[in-house]
Amino acid sequence: HNVGVEQCAPQDDRFALLFTLSVCCYGIPSFLVGYLLHHAGLWATRISAGAMLCVGFIFLGATTKEEPHWLFGAVILLSLGGNQIRMSGLQLADLFPEHKATAITLLSGMYSSSAALFLVFQLGERYRIERATICWFLAGLSTFVIWFTFVMPIHHIPYDDNYDKKYRVDESEQLNSDAVDHWISHSDGPTNKSDTKNKLEIDDGLKLKKYKDLTLTRATFSLSSVLLQLWLFACLLGLNVYQMTYNYWITIVSCNLKEAETFSLAYSYVSMVSVFVAPAMGFIVDCLVAKARKNARSFRERRTKEIQSNIIPLLLTTITNFLMYLCLLFFHPVGVYLSLGFMAITRPCIISVATAYIRIRFPQELFNRLVGFHFTVTSVLLLLQYPQFQWSMSMYLPAHATVLVLISISILNPLHLLVRPFFIKTIGSPRQAYGIANDEDDRSVKR
């Protein structure tokens, strides 16, 4: 294709700078938001977030060619408020204990449709609706975040896994009769409870030591946490650079303005429908976790299977992210449409799958702070996306090849879960995982 659309390098550069600013404002405060949720609770987090969203849309409506400085304030407030709403909304998944992964991926994936806001502005321009009018409406709509907050618990939504109660033991460490009867009926081992009690103290031929609680420091610097950090950075860098390069890419691929507009609208439509993709990943995880809870014979085996249930979603997200970014090397309409298909999968899944993985891999009591920590570090690292974009404008192939190599390396995150010794020492205690007594054996989680 010949270049049929006028390009504006300064405009692309300004867009990349604003996009980088929004990403940093969205993610860097995550660590503080995690602590805000942990200590101040839901009301304080959601009310302040709703106020920032409302003011952000007002600033966006006030932005004009003559007064473009309002745009920076709008980007900062919308990013800060949006992140707080996302992180506080994750607690709603605790209302569905048997389908937490599906709920988390649905709640996180919903935010991937935010790019459809561009479609709203495009349609508004087509039908001659003032952008300011749309922004005033959105500002009013965002106040409902505040009003709905008052029907929620002040501090947090309880995260006790109630469906595990019938498998728990009390403080005296008495053996759960239902659990023993189930174990006896599904094994060739001893046929009385006394012998079974001794048998349950054996796991993989070794007597278990007392499980210790997993601290925030140990969780943060565990191999799983480090590899997750690498994976998040690589996949989000690939996604963000793809989005920043998209406009430049389609102006080269397009033969005329009509084709360029088609590509732009396709991007917005794909962003809207992608919200339905993420829950499918969560559903896969929930099915595998449910299977683990039914078939596991020990706490370690059960936790291992629960953690390994994340391999497929993590692996699929990594592969689609790589293929989406690879399409940037092909200047043809087919490459554009293929990349949008891959983006429909990877865009909603990166954050949602990572969030669901953190919820399963680490104890719930560390969840808010770990999510905040990982997204804060990721956002700081993503400051590199702006110089990377500038590099790609002068050396297109080497710059994008570097990102592809980084995404390839990040596949170590799902692959390390295949080897149990890499993560088994940081699974936490039964108390942290299921809210049950911290016994010297795994009697408490027998089914």
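Every residue gets a Cβ built from N, Cα and C, even glycine.
Note: TrEMBL annotation is automatic and uncurated.
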Legend entry - Feature transmembrane segment in TrEMBL, mapped to one of the ranges 136-158, 320-342: 136-158
Inset, instruction - Please indicate, using numbers and ranges, the residues of the same chain that are 6 or more beyond the transmembrane segment (136-158) and have a C-beta under 8 Å from a C-beta there. - result: 37, 41-43, 46-47, 49-51, 53-55, 57-58, 61, 81, 85, 91-92, 94-95
Inset, instruction - Quick one: find which recorded stretch in 15-37, 44-64, 266-290, 370-389, 395-415 has the most Cβ pairs under 8 Å with the transmembrane segment (219-239). - result: 395-415
Inset, instruction - Using a Cβ distance cut-off of under 8 Å, indicate which of 15-37, 44-64, 395-415 has the most pairs with the transmembrane segment (370-389). - result: 15-37
Legend entry - Same-chain residues near the transmembrane segment (15-37), Cβ under 8 Å, at least 6 residues beyond its ends: 44-45, 71-72, 75-76, 78-80, 82-84, 87-88, 91, 156, 236, 240, 243-244, 247, 368-376, 378-380, 382-383, 385-386, 389-390
